[in-house]
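Structure first, then comments.
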Amino acid sequence: ENQTSASEFVLLGLTSDPHLQSFLFFVFALIYFITLLGNMVIMVVISTNPHLHSPMYFFLFHLALIDICYATTIVPYMLVNILVKQKSIQFSTCIIQMSLILLSAGSEIFMLSAMAYDRYVAICKPLHYQEMMNRILCWQLVGGAWAMGVLHSIINTLPVLNVQFCRYTEIKHFSCELPSLLTAACGSTFLNKLVLLSSAVIFGSSSFLLTFISYIYILSAVLKIQSAKGRHKAFSTCSSHLIVVGLLYTTALFQYTKPSSVSSCILDELFSIQYSILTPMLNPIIYSLKNNDVKTALGRMLGKIQVG
């Protein structure tokens with residue numbers, strides 16, 4: 001039967017064990033709370049501290065906003081699904097969730113590329129930094145990152161609307177991620193898989209190349225610095241960003257290059273948890289621990305709250 005018969009899907013989630021479900025609910029509720037708290041604190045600290053009103057923290061503010069959107073798209077419905085016995089999701093809700101996941105993922109990788117370019121200008125062209133990284137360019141880079149996310153979402157979502165689903169469709173996942181949704185389809189999904197693979201390669205490789213080229217220039221500039229202290233100071237300004245990029249692309253690399261022989265629902269779900277749930281939680285923690293300006297601003301804010 002065609003897609004009009006599929007008014008709702010069944011999300012099988014991570015497990016059907018009641019005891020394990022209770023444990024997972026607590027774990028993911030805690031992760032979501034830390035994600036919201038951490039990213040909101042980063043956003044508030046950057047907004048309220050004049051010392052952090054620079055391009056680097058402007059991009060970090062929007063990365064935190066994307067991480068909140070990413071986690072909120074997935075985790076709340078996941079928590080509800082753990083609690084209820086009828087683990088169904090409306091077709092329209094599933095498509096909306098899928099499109100928002102694609103939007104968040106696309107926006108995140110290009111926001112990281114914008115941050116890499118910012119670090120390149122700061123380290124390789126420090127005398128022209130203020131002139132080059134002006135307010136207009138910063139907004140263009142941020143707007144471009146969000147626009148690429150929207151484009152990535154649209155070109156993958158529209159073809160799904162023509163996919164045939166049976167009346168009873170089980171999705172072996174905890175969210176309506178596109179690969180899992182296509183696996184559950186009754187009709188042909190060749191075109192959808194081709195669009196997904198092509199967009200992942202084009203968007204992912206272009207974002208990766210922008211980031212990679214920026215760091216090639218950064219590394220070259222850092223190695224030319226004579227003193228070890230100077231090299232450490234220059235590279236420390238982008239160490240947080242490098243860790244975040246490394247986590248994201250390492251996971252993506254394993255996800256898209258692993259042999260089909262090792263592919264499984266459990267493995268796919270673990271990778272999904274890493275890049276869609278754990279990464280948004282870890283990003284603010286990494287930036288807070290590795291960035292002295294953020295730590296100082298956070299300490300001042302906490303001091304004001306205690307005094308108040």
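Residue numbering: from 1, along the chain as shown.
Cβ atoms are placed via backbone N, Cα and C, with glycine included.
Annotation source TrEMBL lists domain 'G-protein coupled receptors family 1 profile' at 38-287. The transmembrane segment annotation in TrEMBL covers 23-46, 58-83, 95-115, 136-155, 200-222, 234-256.
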Between the transmembrane segment (234-256) and the transmembrane segment (95-115), are there three or more C-beta pairs closer than 8 Å, counting only pairs 6 or more apart along the chain? yes
What parts of the chain pack near the transmembrane segment (136-155), using Cβ distances under 8 Å and only residues at least 6 beyond its ends? 55, 58-59, 62, 66, 99-100, 102-108, 110-111, 113-114, 117-118, 195, 199, 203
Residues of the parent chain within Cβ reach of the transmembrane segment (58-83), under 8 Å, 6 or more residues beyond its termini: 11, 13, 21, 24-25, 28-29, 31-32, 35-36, 39-40, 42-43, 46-47, 89, 93, 97, 100-101, 103-105, 107-108, 111-112, 114-115, 118, 138, 141-142, 145, 149, 174-175, 276-277, 279-281, 283-284, 287
When pLDDT is averaged across the domain 'G-protein coupled receptors family 1 profile' (38-287), the result is 89
Same chain only, please: residues at least 6 beyond the ends of the transmembrane segment (200-222) with a C-beta under 8 Å from a C-beta of the stretch. Say none if there are none. 106, 109-110, 112-113, 116-117, 119-120, 123-124, 148, 152, 231, 234-235, 238, 242, 245, 249, 252, 256
